[in-house]
Each structure stands twice: as C-alpha cells, then as structure tokens.
C-alpha cells in the first residue's frame with residue numbers, strides 16, 4: 001500500500017481516489033475548501049492554501065506520503081522539486097507539473113526545442129506590447145494569461161478596439177501577480193481532440209482512442225469518443241504527444257490537446273499532466289480501462305495490458321445557473337435515470353457558482369453506432385437536470 005497525497009480534490013480527483021481505493025491505496029485529499037468531491041471518498045483530508053509553499057511543506061512533513069499527485073494547477077509547484085529530491089514520487093514529475101502550469105515554458109519547449117507545429121505566438125508584458133504583437137499576428141487572435149486554468153482570462157480578440165479589454169481581462173484571470181500574456185494566431189481548425197497519453201515506468205507509451213471535444217470560453221462542455229480523424233493525422237498527433245511527454249519525463253496519464261485542420265494538418269495546443277476533463281467520457285465504458293484507472297496503474301507501475309475501444313460514448317456537462325453557498329439541489333433525476341444506456345454523475349460540490357460544472361451525463365452505444373446522435377442524446381439529457 002502506498003500513501004498518496006492528492007493536491008486538488010475536484011471531480012477528477014474523486015474518480016482517481018475511487019480507482020486508488022479499489023487497489024488498496026491510502027489517500028489524503030487536499031483542497032482550499034472543505035467537503036470537496038474527492039474528500040468525500042478519501043481516507044483523510046486537509047484544507048489549506050496550496051499556493052502557500054510553507055503550508056504545503058507542513059502538510060507533506062505531517063503525512064510523509066510516498067507519492068504526490070497534483071490534480072489542479074493552483075499549487076506552489078516549485079516546491080515539488082524539493083519533495084522529489086527528498087525521495088517522494090511526484091506525478092508525473094516535478095518538471096512536468098512546473099512546465100505545464102506555465103504556458104510560456106510549455107509553448108517554448110514544444111515549438112522551439114521540440115519543433116512541434118503550433119500557432120504563431122508572442123508574449124506581452126504591457127498593453128503596448130500586446131498591440132504590437134496583435135499587429136504582427138493579425139485578427140482574430142487569442143489572448144491568454146501565462147498561468148490560468150479552465151479558460152480563465154482567455155479571450156478571442158476580433159479587432160484592435162478589443163485589445164485593452166483583453167489585456168485587463170487576461171491579467172485579472174492570471175494566477176498570482178503575473179502580468180504577462182501570450183497572444184496566439186487563431187487557427188481555423190475543423191476539430192479539436194484530446195489524445196490521452198500514458199507514459200509508464202516499465203513499458204511503452206500508450207494512446208487512447210482520440211476524444212473529440214467542444215469548448216466554450218476555454219472550458220469543456222462536451223466530449224465524445226472515438227473522434228473520427230484521418231489516420232495520418234492521428235499518427236502525427238501520437239508522435240507529437242510521445243515527443244513532448246518524453247521531454248517532460250515521468251509516469252502517468254496526460255491529456256494532450258490538438259487542433260486539426262484538413263488543409264494544414266495537426267497543431268499542438270497544450271497538455272495537462274493528469275486525467276483530463278474531456279476524458280470523463282471514458283467513464284461511459286468506452287475503453288477497457290478508464291482514464292483514472294490508467295493514471296493509477298501508471299503511477300504505481302502496475303501493468304497495462306493494452307487499451308481497447310469497447311463502445312462509443314458521449315458526455316455533456318451539467319452547469320449551475322446560480323451562485324449560492326447553500327448545498328445545491330437537483331431536479332430531473334427521475335427522468336434522467338430512466339434513460340437507457342446512460343449514466344448520471346453528480347460531483348457533490350458543496351456550493352455553486354454561475355456556470356460551475358456540477359455533474360456530467362454519460363451516454364454509450366455499441367461500436368459502429370451513430371456518434372452524432374449519441375452526442376445529441378447526451379446534451380438533451382443533460383439539459384433536463386436543473387441545479388437550484
């Protein structure tokens with residue numbers, strides 16, 4: 001049995017804890033607020049500010065974990081290097097967690113060091129630099145903070161008149177006091193995919209069938225598997241994913257995102273060194289092993305006998321229309337649970353924010369079925385669940 005310190009206790013962490021419990025592991029779930037989803041199923045829990053390096057060190061010394069598993073980005077990640085030097089396994093590695101939290105570090109690694117195809121980009125530390133970069137790239141363009149998550153501070157800028165707002169919005173959405181943005185060429189893509197990639201301690205890099213997804217404001221709204229893409233494009237994406245994960249080092253599951261264009265091929269977008277929100281579709285039984293089980297096996301060094309597509313699946317999120325500190329209630333349960341070949345997952349978050357993700361609907365069908373119809377079904381059913 002390993003003692004695992006989970007940093008971040010959202011819905012993805014909750015599913016990871018469930019997988020770990022089924023393999024007899026001991027989990028300490030941490031977050032900045034009490035009653036977070038993963039805490040509800042963990043052995044122990046801690047509530048503290050994970051951006052506070054001293055507090056993070058105190059918790060690590062208190063519990064002396066064998067493994068630290070970051071589940072979110074709001075962590076004082078540079079401290080992970082110290083823990084790794086002390087002999088604690090950091091998942092997938094301290095280098096990976098630090099690089100992927102900073103868009104500047106990961107973009108320069110991908111584009112300049114590894115030669116992966118990405119959108120054209122510049123950095124801006126002031127509104128004037130942002131205006132200069134936009135003039136070089138042209139409109140529309142995408143402006144993002146260097147450090148943020150779930151689309152915070154991200155905007156699509158269609159004209160020079162919108163740049164001042166994009167600058168303020170980006171800086172306000174940035175983590176900490178960093179006032180530097182990345183400005184990117186807007187890629188006219190035909191689709192987006194997540195390629196769940198598994199790096200192992202004692203085995204080859206493995207890939208899950210590609211997952212298509214739809215985002216709004218930089219945040220996931222629906223996903224489906226398998227995404228139908230050109231085999232040559234898939235091979236190109238797999239090669240890129242293997243190259244970047246190898247450079248970042250470590251064992252675990254990664255969510256590697258790509259833009260696909262019929263005319264221009266595959267563009268690397270970004271990656272997360274942990275289970276991916278779009279990968280929740282694997283909870284519909286689309287694979288023989290879901291993304292959380294794969295992550296756990298890679299972390300523990302357990303064998304993975306191969307990844308197989310078992311059936312097709314689609315997911316659609318349930319969002320809160322309200323903001324309240326009261327425990328949320330849900331309508332529509334009876335109607336939704338009466339649907340065939342459908343799972344409903346309510347995450348158990350103790351309070352709401354407007355557009356906070358509170359649950360997900362998962363639908364499945366045999367291989368060869370109509371995936372578009374399944375996507376429509378998942379969205380239709382998700383709309384029946386009301387958060388109040």
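Each Cβ is built from the backbone N, Cα and C atoms, and glycine gets one as well.
Residues or ranges marked as N(1)-(5-phospho-beta-D-ribosyl)glycinamide binding site by Swiss-Prot: 11, 12, 71, 277, 349, 356, 357. Cβ neighbours of residue 12 (N(1)-(5-phospho-beta-D-ribosyl)glycinamide binding site) (same chain, under 8 Å, six or more residues apart in sequence): 71, 274, 275, 276, 277, 280, 292.
Listed in sequence order, the residues of the same chain lying 6 or more apart from residue 149 (ATP binding site) and placing their CB within less than 8 Å of its CB are 72, 73, 74, 175. In three-state terms derived from DSSP, residue 149 (ATP binding site) belongs to neither a helical nor a strand segment and is classed as coil. Residues or ranges marked as ATP binding site in Swiss-Prot (evidence: sequence analysis): 103, 144, 149, 150, 151, 152, 153, 154, 184, 185, 186, 187, 192.
In the three-state DSSP scheme, residue 257 (Mg(2+) binding site) falls into the strand class. Look at Swiss-Prot and you will find 257, 270 tagged as Mg(2+) binding site, backed by sequence analysis.
Marked as domain 'ATP-grasp' by Swiss-Prot on the basis of sequence analysis: 108-300.
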Residue among binding-site residues 103, 151, 153, 184, 192 with Cα closest to the Cα of residue 11 (N(1)-(5-phospho-beta-D-ribosyl)glycinamide binding site): 151
Rounded to the nearest Å - Cα separation of residue 257 (Mg(2+) binding site) and residue 186 (ATP binding site): 15
Across the domain 'ATP-grasp' (108-300), average pLDDT on the 0 to 100 scale: 95
Listed binding-site residues (71, 184, 192), ranked by Cβ neighbours within 10 Å, top entry: 71
